[in-house]
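A quick write-up on the structure given underneath.
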Amino acid sequence: MEVKTFAFLQIAVIIALGLHLAPAGSNQLSGPQSSANSNDAVFCDTNCTQGTDGAWSGCRGDCFCVHVGNSTEGRCIELIGDFDYSTPGAED
């Protein structure tokens with residue numbers, strides 16, 4: 001009986017410590033998911049379509065077309081933030 005009680009108390013203490021220590025992390029913004037490094041994808045006002053030649057049309061400015069699967073219709077979106085589209089080794 002004493003062994004069961006002692007084991008139960010050990011488990012209770014471990015759970016209590018785990019619940020107490022889990023939220024004890026830093027509250028500073030850091031890492032790739034912080035708002036200081038965030039990027040946004042914004043829908044533009046236009047839709048886009050795929051022509052018979054396979055080219056997409058309908059997006060203006062910095063917007064580009066996104067579509068789902070084999071659909072010939074899509075939405076124009078714009079990516080806002082610090083995106084690096086450079087090709088590795090292109091500056092050699």
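Note that Cβ sites are derived from N, Cα and C of the backbone, with glycine treated the same way.
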Point to revise | Disulphide partner cysteine [Swiss-Prot] for C63, chosen from C44, C48 | key: C44
Review point. Of N47, N70, the glycosylation sites given in the record, which has the fewest other CB atoms within 10 A of its CB?
Key: N70
Revision key, fill the gap. Here the 10 Å Cβ neighbour count for C65 (disulfide bond) comes out at 20
Exercise for review: Could you measure between C48 (disulfide bond) and C59 (disulfide bond) for me? Cα positions, answer in whole angstrom.
Suggested key: 6
Review point. For C76 (disulfide bond), what residues in its own chain, 6 or more apart in sequence, show a Cβ-Cβ distance under 8 Å?
Key: F43, C44, D45, T46, N47, C48, G58, C59, R60, C63, F64, C65, V66
